[in-house]
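The annotation Cu cation binding site is assigned in Swiss-Prot to H47, H49, H64, H121 on the grounds of similarity to another entry. The annotation Zn(2+) binding site is assigned in Swiss-Prot to H64, H72, H81, D84. The substrate binding site annotation in Swiss-Prot covers R144. Annotation comment: Swiss-Prot describes C58-C147 as disulfide bond.
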Amino acid sequence: MVNAVAVLKGDSSVSGIVRFEQESEDQQTKISWEITGNDANALRGFHIHTFGDNTNGCTSAGPHFNPFNKNHGAPEDEERHVGDLGNIPTDAQGISKGSLTDKHIKLLGPLSIVGRTVVVHAGQDDLGKGGDAESLKTGNAGARHACGVIGISNA
């Protein structure tokens, strides 16, 4: 069992914690989060970005983690970046709390996301269905409101 965590901060009021858990390299990874400071009753893009570099804020995290050179897509799509996690919903207070499992996100092995950055975006991810080049690259999810480098944790 491997556990990892990212503490999200940014230039906005958005902040939170994202936790990752994987039993073994061939198992799905559970991702859970509690994130505050978003707009109320919204959907916000949620992605793993390539670099664990936040020296220039969330911008230096680079593009979505995409080791297979695919187009952007929804988490359930075969054509997607490894780092495409779709949208997280917020409640009436702008809080998002939830979990999902994903077969492409790995904490173990050569495609590990440990040391990369998780990002919450300012807008809704169109899941690559927006009909333009940017949709196929970023999902038109907008600015990077908060981010954190993913590191190994003890629980």
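From the backbone N, Cα and C atoms, a Cβ is placed for every residue, glycine too.
Report note: the Zn(2+) site is defined by H64, H72, H81, D84, and the residues of the same chain whose CB lies within 8 Å of the CB centroid of those residues, excluding them, are H47, F65, N66, K70, N71, G73, R80, V82, G83, G128, T138, G139. Take the mean position of the Cβ atoms of H47, H49, H64, H121, the recorded Cu cation site; other residues of that chain with a Cβ within 8 Å of it are G45, F46, I48, A61, P63, F65, G83, D84, V119, T138, A141, R144.
The closest partner of H47 (Cu cation binding site) among the recorded positions, by CA position, is D84; the full candidate set was C58, H81, D84, R144, C147.
Using a 10 angstroms CA-CA radius around H64 (Cu cation binding site), the recorded positions that qualify from C58, H72, H81, D84, R144, C147 are H72, H81, D84. In the structure shown, across all protein chains, C147 is the one of the disulfide-bonded residues C58, C147 with the greatest number of other Cβ atoms within 10 Å. Taking C58 (disulfide bond) as the reference point, none of the binding-site residues H72, H81, D84 has a C-alpha atom within 10 Å of its C-alpha. In the three-state DSSP reading, H81 (Zn(2+) binding site) counts as coil.
Distance from the CA of R144 (substrate binding site) to the CA of H81 (Zn(2+) binding site) is 17 Å. Long-range Cβ neighbours of D84 (Zn(2+) binding site) (same chain, at least 6 residues apart, Cβ-Cβ under 8 Å): H47, H64, H72, G73, A74, P75, D77, D125, L127, G128, G139. Within the same chain, the residues at least 6 positions away from the residue listed as 'substrate binding site' whose Cβ sits under 8 Å from its Cβ are G10, G57, C58, T59, A61, V119, V120, H121, A122, listed in sequence order.
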